[in-house]
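The following features are taken from TrEMBL:
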DISULFID  419-431  disulfide bond
DISULFID  439-448  disulfide bond
DISULFID  488-497  disulfide bond
DOMAIN    419-464  domain 'Laminin EGF-like'
DOMAIN    463-498  domain 'EGF-like'
SIGNAL    1-26  signal peptide
Ligand SMILES: *[C@@H]1O[C@H](CO)[C@@H](O)[C@H](O)[C@H]1NC(C)=O
Ligand SMILES: *[C@@H]1O[C@H](CO)[C@@H](O)[C@H](O)[C@H]1NC(C)=O
Ligand SMILES: *[C@@H]1O[C@H](CO)[C@@H](O)[C@H](O)[C@H]1NC(C)=O
Ligand SMILES: *[C@@H]1O[C@H](CO)[C@@H](O)[C@H](O)[C@H]1NC(C)=O
């Protein structure tokens, strides 16, 4: 049975791998958690590592501003053009067309004029104008594309992008942005292109995006794709290599993972070395768009991530649960939870949660073992080291040489009784369900420890009687010794002293026994020899 099981699994594997080769391109993104496989043996589920699609995370974001009243328009105020301090406009929170609330950072862009959030102006100069914009999802997400922030007002002179991995309890810098990194943060200016596979996790300060309103671009990046490219190649054509690295390097995986992002605006675009105190209405922050593309982190246990009550939740498979599929479902804790793996490429390893021991139907180990082991080949749990002479997947059977005690429950220590078959009288040490042993010829009794009539205990077994006082009587005055031999008078011989002794009477012993007595055992002896020959002949042809 084990052999045929093994063979069918082997056949299954062959089928699966050919299916995979066929669909490698489609499956390379880990977009199915399981597939049904058809084999001669029936249908099977093949479980694979899986992850949700990357989506526009700004659809699900929540935002908070610090200080909370930093948005312009309450009370209404005037702000002026960066390039031309005399071209001014009004921000008024009470009038739709003149209001610049935070939502406008996340609305659909591409329309003209673009809509944007705007802060109050830098009236408090020389006090710094500090604003924190915190984006939070209450869900762990994995960034898959650059974070792109579009500033309507010119890019800030100083800014820090921070991230949190623990729902905002602790924060780490992600990247520093400054017109002068050394001066502002005491850091050598760098760009992502200065990094390498070995230094990809370095937190850098870049001057690339802080040229204020003078530069043509309003856009600021946090470069995810350039970092991916160190592993996946310039056009990200070798994602397998990246996935392989992510799989084995937790730090790398965590680097691209966030629950929250914080944009710390430290100094608005000034466009000049010195701030002009006469025209502080020129200095403020305004953001028209923030792009965050990523996927729900589901630990490779889900392809679905749905919004429920304004919150993203992985639709966990593989009998995992939790917002990130980060634990095993109740009754599926048969082995410790583990994230799926991208390896081996392309279908990965699902690492599904296994049923808990206590939930395998009504069977456990019936108190005869406290250890279970999962056997992949059989897709089943097996009790290990069954005690009390039990055996079987759930210690529900008796060991060979023992039989089931009908009076005891399955969890009774005395559930299995020793057969106690006679070593000499029984064919083997096994007995039937009532404790009856299988006896050799001549032996009898439940344990085969007695001899049948006509047999006697001799030579540690039941030997057929050679002589007795009823049926096989010693002749010609012979006497029966222990039922095994006749002691014959001098003139007689033979088993029952039925022949005349040759020495005494040369004529009388001429041909009386020979043929008949020898030819019979001859046939009996040959039969067992012929039978195996015939059988093996059959097997060969
Ligand atoms: C912004 O966040 C930082 C920590 O990330 C904190 O130190 C600071 O007080 C916050 N508020 C403002 C207005 O900067
Ligand atoms: C965050 O999500 C958890 C469940 O994952 C929920 O219990 C909690 O209330 C959520 N917090 C917020 C602020 O939405
Ligand atoms: C998870 O458990 C359900 C029963 O609750 C079962 O039908 C399903 O096949 C299991 N899935 C996996 C991946 O083991
Ligand atoms: C089996 O036989 C041994 C000795 O031969 C005896 O001690 C033992 O009690 C027997 N067990 C049973 C179940 O009869």
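In case you wondered, yes, glycine gets a Cβ from its N, Cα and C as well.
Under DSSP, residue 439 (disulfide bond) is assigned to a strand (E or B) in the three-state scheme.
Taken through DSSP, the domain 'EGF-like' (463-498) splits into 0 helix, 10 strand, 26 coil. Here the CA atom of residue 497 (disulfide bond) lies 32 Å from the CA atom of residue 448 (disulfide bond).
Each residue contributes its Cα atom, and for residue 419 (disulfide bond) and residue 439 (disulfide bond) these two points are 13 Å apart. When secondary structure is read from DSSP and collapsed to three states, residue 448 (disulfide bond) falls in the coil class. Comparing Cα positions, residue 431 (disulfide bond) lies closest to 439 out of the disulfide-bonded residues 439, 488, 497.
There are 22 other Cβ atoms within 10 Å of the Cβ belonging to residue 439 (disulfide bond). Of the recorded residues, residue 497 (disulfide bond) and residue 439 (disulfide bond) place their C-alpha atoms 32 Å from one another.
Rounded to a whole number, the C-alpha distance linking residue 488 (disulfide bond) with residue 439 (disulfide bond) is 33 angstrom.
Mean model confidence for the domain 'EGF-like' (463-498) is a pLDDT of 88.
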